[in-house]
Amino acid sequence: MKSSTTQGVKILSTGSAVPHISLNNDQMSEIVQTSDEWISTRTGIKERRLLTGSQQSVADLAIVASKKALDKISMDPSQIDLIILATSSPNDLFGSASQIQHSIGAINAVAFDLTAACSGFVLGLVTASQFIQNGSYCSVLVIGADVLSKWIDWSDRSTCILFGDAAGAAILQSCPSTENSILNFQLNTDGHYSHHLSIPYQDDKKPHSFLNLHQGSFKYISMNGKEVYKFAVSQVPLSILKCLNSLNMSVNDINWLLLHQANERILNAVAEKLSISRDKIIANLSKYGNTSAASIPLALDEAVQEGKIANNDVLVVAGFGAGLTWGTIIVRWKEL
Ligand code: COA
């Protein structure tokens, strides 16, 4: 992206929501053959939150996160022009964003879902920024939310230990270009490796009798952990460097590294490759595991609430995951 923008984009507010039920590693070891020691040392995860009970869906978490973001700045929901829900676990294949629009009373907003797995929130922020920068919309609600617990094979110890459920939201608004917060972005996809991480759709074996019409259903998360690990550690630093270079910035300009919260070892390895000290890493995955599209806005909201991020701090935000898709956004934080 070149900075030929007419409008700046500011992150006005953030919010997040996690389910009440938590499952720690010891409890996990009662479900599959594993241990706190194995999970902690391999991933840094200690516990995760799970959306339990019937009638509960990703929309419920997304609504709570969105309302929190709106309430923080006492914003009337009718001011929202666009809602983007980044999710891979909608409660309706036609999309869940419209349910959120209705529930929060964003009567003037158009709403749609965006599917890009763990990179979904980064893609959502970039998409929202485009609408704002070209003057189409003024206020956009971007939500990252996932309930992958519904798509996990709870007998597969190599995946069920990793994921948790959550939602995070951010409200973006146009501002003078001198105040612009979204400095640059860099996005990538390599579909050649999509099979390394997917929730595949499979046809039922028996076709519909008269039309040879095959119907089927989605299966569980399938992942080649080693390949995904290697991909993240090799590609994410390159994306960050490309993004910094095109702004004539260097890693020394970074105040905070906010990566998709997949695995503590990935966070540390990326920081190490870039020679960024570990105390600049924003991490909360020990409490929540990998919450897919929610992980970045959830960690951002917590960091903001803790008062970690100061005015004009430079945040490097990078997402990566299924697709395989990955990308970086560089943000100059403007105090809320
Ligand atoms: N508890 C105990 N043992 C387990 C286990 C678990 N939860 N899961 C796997 N194992 C076993 C394996 O069966 C294997 O045993 P074996 O050597 O007898 O066959 C052994 O541990 C090593 O498994 P391996 O898959 O090689 O472990 P790893 O060191 O690669 O770690 C991951 C596995 C999943 C933690 C790691 O590959 C990873 O984090 N990858 C990235 C995944 C990711 O972040 N995905 C989402 C991206 S958005």
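FYI, residue positions are counted from 1 along the chain as it appears here.
A Cβ is built for glycine as well, from the same backbone N, Cα and C atoms used for every other residue.
Automated prediction, rather than curation, is the source of TrEMBL annotations.
The active site annotation in TrEMBL covers Cys118 (among others). Long-range Cβ proximity for Cys118 (active site), meaning a same-chain Cβ under 8 A and a gap of 6 or more residues, is found for His260, Ala262, Asn290, Ser292, Ala293, Ser295, Gly319, Phe320, Gly321, Ala322.
Residues or ranges marked as active site in TrEMBL: His260 (among others). In three-state terms derived from DSSP, His260 (active site) belongs to neither a helical nor a strand segment and is classed as coil.
The Cβ of Asn290 (active site) has 25 neighbouring Cβ atoms from other residues within 10 Å, across all protein chains displayed. TrEMBL lists Asn290 (among others) with the feature active site.
Annotated domain 'Beta-ketoacyl-[acyl-carrier-protein] synthase III N-terminal' per TrEMBL: 112-191, in sequence order.
Look at TrEMBL and you will find 246-333 tagged as domain 'Beta-ketoacyl-[acyl-carrier-protein] synthase III C-terminal'.
Marked as region 'ACP-binding' by TrEMBL: 261-265. Sequence-distant contacts of the region 'ACP-binding' (261-265), counting only residues of its own chain at least 6 positions beyond either end whose CB sits under 8 Å from a CB of the stretch, comprise 42-45, 118, 162, 229, 232, 283-286, 288-291, 295-296, 298-299, 320-321.
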Coarse DSSP state, helix versus strand versus coil, of Asn290 (active site): strand
